[in-house]
Amino acid sequence: MDLHTAVYNAAHDGKLPLLQKLLASRGREELEELLGEVAGGGTPLLIAARRGHLDVVEYLVDHCGASVEASGSVHFDGETIEGAPPLWAASAAGHLAVVRSLLHRGASVNRTTCTNSTPLRAACFNGHLDVVRCLVGEHKADLEVANRHGHTCLMISCYKGHREIARYLLERGAQVNRRSAKGNTALHDCAESGSLEILQLLLSCHARMERDGYGMTPLLAASITGHTNIVEYLIQEQPSHEQLSGTELPGEGSSQMAGNHCSTPEDAEQYESCCPTSREAAVEALELLGATYVDKKRDLLGALKHWRRAMELRHQGGGFLPKPEPQQLVLAYDYSREVTTPQELEALITDPDEMRMQALLIRERILGPSHPDTSYYIRYRGAVYADSGNFERCIRLWKYALDMQQNNLEPLSPMTASSFLSFAELFSYVLQDHSAKGNLGMQLDFADLIGVLSKGVREVERALQLPKEPDDSAQFTKAIAIILHLLYLLEKVECTPRQEHLKHQTVYRLLKCAPRGKNGFTPLHMAVDKETTNVGQYHVGVFPSLQVVKVLLDCGADPDSRDFDNNSPLHIAAQNNCPAIMDALIEAGAHMDATNTFKKTAYELLDSKLLAKSTVQPFNYVTLQCLAARALDRNKVPYKGFIPEELEAFIQLH
């Protein structure tokens with residue numbers, strides 16, 4: 001073990017005598033080196049603060065000159081936090097003495113991590129009230145510094161259910177109606193976490209029932225998460241605003257909560273009148289809650305109970321509230337339509353499958369197609385059908401969800417990528433199942449495969465039409481890889497000449513938009529790379545794939561295309577030791593003696609320990625022109641401007 005690691009481990013374990021021994025008599029430069037980051041990104045001071053070793057922290061700062069602001073990587077609950085200062089780590093872990101010590105030694109109370117999380121947010125997240133009081137009450141920490149998502153300390157306290165911290169932040173003037181980047185408020189966080197007491201507290205402070213970026217109110221947020229207590233509280237009969245006009249606000253004269261004009265949860269019912277729940281909102285909340293009971297809680301009787309209440313509210317005094325007429329019935333939902341009468345509702349009890357379709361219909365109507373939960377539960381229901389062997393029903397639902405995602409989400413959305421991968425895994429399983437069972441297994445339809453492949457190409461086209469290149473190159477690479485896996489599976493399905501033509505048209509669309517994955521890989525590079533095999537948890541296709549390579553070449557893929565290291569697909573095939581694929585590339589016109597950035601030919605990259613070299617004979621493909629080009633390059637003979645441009649490009653190829 002080297003000295004650097006030994007110092008880190010001693011700080012981690014709180015072994016001050018050992019640490020003093022290791023660092024004694026060290027010069028300033030050597031101390032700076034030893035107190036710097038280790039391989040994992042942490043520092044001795046950071047890990048000592050994380051572990052709560054006060055004596056080690058003070059020794060490193062006072063006697064070794066460790067910076068109280070030096071940030072690094074630290075682990076919490078299985079997650080790596082990048083750019084965390086020691087004060088953040090101590091606050092997150094709840095080590096009050098270490099927090100006070102670091103602040104006394106000059107640590108910035110509002111110093112953030114790479115995600116803009118403050119020490120105060122870390123303490124709020126983990127419920128350390130004493131640390132929160134220290135940071136805010138003693139050192140004036142800024143309550144309103146939000147993380148990169150616009151999520152504030154009050155919001156995270158509400159979401160995690162830390163009532164006393166939420167109360168304290170409100171007392172200190174936290175903005176109760178602050179909105180995050182996605183438009184949600186602290187009320188939304190309470191509704192999603194099911195914390196009724198904190199929700200009452202927020203309402204007593206005049207929190208408003210706002211809609212977030214998806215059009216969701218806190219009431220609907222409680223419905224989709226299945227928190228019946230929140231839903232019941234918000235839809236219960238409340239006194240009208242006029243009834244309370246002129247009523248003095250309890251606690252209004254209080255010095256601590258005057259900024260928010262709130263007092264205690266017990267007074268919340270008086271203030272609920274500021275945001276009464278309409279009959280229509282209550283109906284939708286109960287209907288959506290019933291859908292949640294079907295799909296999330298798997299409680300069909302509980303769902304019926306909530307749907308009955310919603311139906312009763314629709315028919316109560318004040319005028320009948322009809323459901324909107326559907327524009328068209330959906331094949332994926334088995335052409336089901338929502339029930340509209342109490343009799344139709346009661347008939348559902350004998351048809352569980354129809355109840356599940358009702359849940360999907362209700363969710364799509366209320367949340368709309370752009371809300372992630374809408375497509376998520378359609379995919380969930382499809383997966384349940386697949387598990388029971390009903391692959392056709394699954395494919396219909398998944399195709400409907402995929403269309404919904406592509407029409408409403410940004411290109412390369414993780415949810416859309418997950419849908420494509422699920423299709424590839426399902427198709428692979430169906431093909432294997434049919435191979436094992438013969439006529440008893442489901443026959444995979446060409447139309448289903450080519451339809452999903454075409455949508456995959458469309459996703460790449462959408463991403464490349466953006467004003468700038470895709471932010472996440474890994475996600476873009478994965479999208480191309482999934483398309484290649486779908487093509488791999490399609491090669492296992494018998495095609496008519498017309499279907500073969502349609503397949504080639506789809507592949508041509510992909511090649512025409514010239515997508516580039518990691519390190520500048522073209523689809524042809526990826527088709528000859530074994531790393532393309534790894535796209536998900538389950539096995540789909542195997543790469544390198546000669547069949548996929550041939551299809552790409554037939555559709556016009558350039559066998560001499562280059563990646564960022566000037567490797568051609570032939571180089572990558574050689575690195576993967578695939579002589580059969582190399583032969584196919586050479587027959588398609590790939591130059592055997594073309595060199596990469598490191599002046600290596602594909603033949604030179606073949607594994608000498610294997611027999612592949614004996615099957616590939618480079619001199620069968622090298623021309624005198626190729627040898628002359630390499631001689632010019634090897635001897636540094638100037639040629640630019642003295643020969644035609646076409647010949648210059650040929651020499652540069654070598």
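For all residues, glycine too, the Cβ spot is worked out from N, Cα and C.
Record features (Swiss-Prot):
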type	residues	note
COMPBIAS	253-263	compositional bias 'Polar residues'
MOD_RES	S108	phosphoserine
MOD_RES	S608	phosphoserine
REGION	241-265	region 'Disordered'
REPEAT	2-31	repeat 'ANK 1'
REPEAT	40-70	repeat 'ANK 2'
REPEAT	82-111	repeat 'ANK 3'
REPEAT	115-145	repeat 'ANK 4'
REPEAT	149-178	repeat 'ANK 5'
REPEAT	182-211	repeat 'ANK 6'
REPEAT	214-243	repeat 'ANK 7'
REPEAT	283-317	repeat 'TPR 1'
REPEAT	375-408	repeat 'TPR 2'
REPEAT	519-561	repeat 'ANK 8'
REPEAT	565-594	repeat 'ANK 9'
Cβ contacts within 10 Å for S108 (phosphoserine), all chains included, total 16
If we skip the immediate neighbours and take only residues 6+ beyond the ends of the repeat 'ANK 3' (82-111), which ones have a Cβ under 8 Å from one of its Cβ atoms? 41, 45-54, 57-58, 61-62, 68-74, 76, 117-120, 122-123, 125-126, 128, 130-131, 134-135, 138-142, 145
In terms of Cβ proximity under 8 Å, which residues at least six beyond the ends of the repeat 'TPR 2' (375-408) contact it? 291, 295, 330-334, 356, 359-360, 363, 369, 415-416, 419-420, 422-423, 426, 430, 442, 448, 451-452, 455, 458-459, 462
